[in-house]
Amino acid sequence: MASSSTKTLLSLSLLFILFALSQATYSGMILTLVNNCPYTIWPAIQPNAGHPVLERGGFTLQPLTHRSFAAPTAHWSGRVWARTGCTYEHEKFYCATGDCGGRIECDGLGGVTPATLAQFVLHHGHADFSSYGVSLVDGFNIPLTVTPHEGKGQCPVVGCRAKLLETCPAVLQFRSYGGHGPVVGCKSGCEAYKTDELCCRNHFNSPQTCKPSSYSQFFKHACPATFTYAHDSPSLMHECSSPRELKVIFCH
């Protein structure tokens with residue numbers, strides 16, 4: 001039979017192993033969504049095809065709070081956006097912008113435009129790169145930035161801090177309550193006019209034929225470090241090697 005001192009040593013060893021395992025788990029990359037707005041938002045997360053849904057795809061985030069969770073440990077790509085003006089009416093959940101089928105947990109569903117998008121490609125390349133960018137291709141509903149921490153290489157803060165709802169041209173304004181309420185989003189030229197040229201579809205779906213428009217230039221002038229049309233500069237997707245944390249800050 002083992003002595004009490006041996007049992008103590010075994011218990012301490014087991015505790016040390018459990019602690020080391022917990023630290024190893026915690027040492028992975030973290031994704032943090034921060035609500036810096038003076039109002040509640042409902043962040044949404046949609047994976048690209050073949051990748052897992054994170055945090056059930058969406059949740060409520062109160063003003064001046066944040067939510068952190070472990071990023072996938074393998075290759076993952078997807079997008080994050082904020083839903084605004086969400087309410088329960090007639091026993092149904094609905095959001096004025098970014099709605100994903102009338103549910104709090106989007107569970108892989110995309111959102112209704114216009115919405116500001118943070119885009120990610122995690123764990124790729126020879127140096128564990130995480131690429132990220134902010135897109136206004138589908139319009140704008142809320143300012144946001146992506147901030148990496150403790151990464152190596154090209155790791156700038158990018159995004160759109162401008163309050164574009166205040167300056168959005170009348171033809172792009174998206175209003176709540178069926179168009180009779182306040183401006184809650186700023187549509188892209190594609191969404192406003194739905195032409196092949198502005199949407200970069202069909203003949204215009206190539207870098208040679210898909211060009212910036214006066215509408216995409218409105219977004220680009222206000223937020224130069226964002227994608228504003230389908231074939232905008234790919235150099236805006238930054239490759240940050242092994243960041244400790246990627247933080248999406250709404251109303252930054």
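Keep in mind that glycine also has a Cβ here, set from the backbone N, Cα and C atoms.
Feature annotation from TrEMBL assigns signal peptide to 1-24.
Remark: Cys251 (disulfide bond) has Asn35, Asn36, Cys37, Pro38, Ile142, Pro143, Leu144 as non-local neighbours, by Cβ distance under 8 Å and separation of at least 6 in sequence. Residues annotated as disulfide bond in TrEMBL: Cys37-Cys251 (among others).
TrEMBL lists Cys86-Cys95 (among others) with the feature disulfide bond.
The disulfide bond annotation in TrEMBL covers Cys100-Cys106 (among others).
Per TrEMBL, disulfide bond is recorded for Cys155-Cys240 (among others). Taking a C-beta cut-off of under 8 Å and a sequence gap of six or more, Cys240 (disulfide bond) has these contacts in its own chain: Phe129, Ser130, Ser131, Tyr132, Pro148, Gly151, Lys152, Gly153, Gln154, Cys155.
The feature disulfide bond is assigned by TrEMBL to Cys160-Cys223 (among others). For Cys223 (disulfide bond), the number of other Cβ atoms no farther than 10 Å from its own Cβ, over all displayed protein chains, is 22.
Within the same chain, residues at least six positions away from Cys186 (disulfide bond) with a Cβ under 8 Å of its Cβ are Pro114, Gly139, Phe140, Asn141, Leu164, Leu165, Cys168, Leu172, Gln173, Phe174, Phe219. The annotation disulfide bond is assigned in TrEMBL to Cys168-Cys186 (among others).
Annotation comment: TrEMBL describes Cys190-Cys199 (among others) as disulfide bond. The C-beta environment of Cys190 (disulfide bond), restricted to residues of the same chain at least 6 apart in sequence and closer than 8 Å, consists of Val137, Leu198, Cys199, Cys200.
The disulfide bond feature in TrEMBL is assigned to Cys200-Cys210 (among others).
Cys100 (disulfide bond) has Cys86 as its nearest neighbour among the disulfide-bonded residues Cys86, Cys160, Cys223, going by CA to CA distance.
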